[in-house]
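What TrEMBL lists as transmembrane segment is 12-38, 44-60, 72-92, 98-118, 130-148, 154-171, 191-214.
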């Protein structure tokens, strides 16, 4: 029975990481495909894409338990593509070498943090709640920076953001084990709903690690 549970958990985690990787592939593929033409796209379309991104991710998070797995995956990939559209502007601003190095470092940080979350016996719930507060603080500071430039804080914000999302990756990975335990005896369609929301959370963790590292590279 224990062996069967372990196999089930491994499959759950593998499917989650595979879906997350597919989302990243769509995002980066879309970003690189559009990076050479993004300068010709009117800014209003970028703002529309950003607003739509926010709407899609809110919709997916709130409706994932009611959507069919196929529709939920479709919305996840739509969100990934929209993210790639806005990423094309970022990609166009950096050298490919810089993007490649930052992607590799992000991958190492992400998977190292994920392994900690998978293997640690310590409950990371308290750390997760603290990191959410840190991220909210970073978001508020980013809003303030739109109106009041705080250039002296850029390096600190980049490091704190990078470490916060690395820690959140460990927390989310541990939470995925909990999701599996909750869905272990459920129907396959219900299991996939847990997989999709888990993939979305890990996708967002990776994307934010990448963005903060890129910001750090730019500061350097």
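Positions of Cβ are set from backbone N, Cα and C atoms, glycine also.
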Problem - Which of 12-38, 44-60, 72-92, 98-118, 154-171 contacts the transmembrane segment (191-214) most, counting Cβ pairs under 8 Å - result: 12-38
Completion exercise
If one takes Cβ-Cβ under 8 Å and requires six or more residues beyond its ends, the residues near the transmembrane segment (44-60) are 67, 72, 75-76, 78-79, 82-83, 85-86, 89, 196, 200
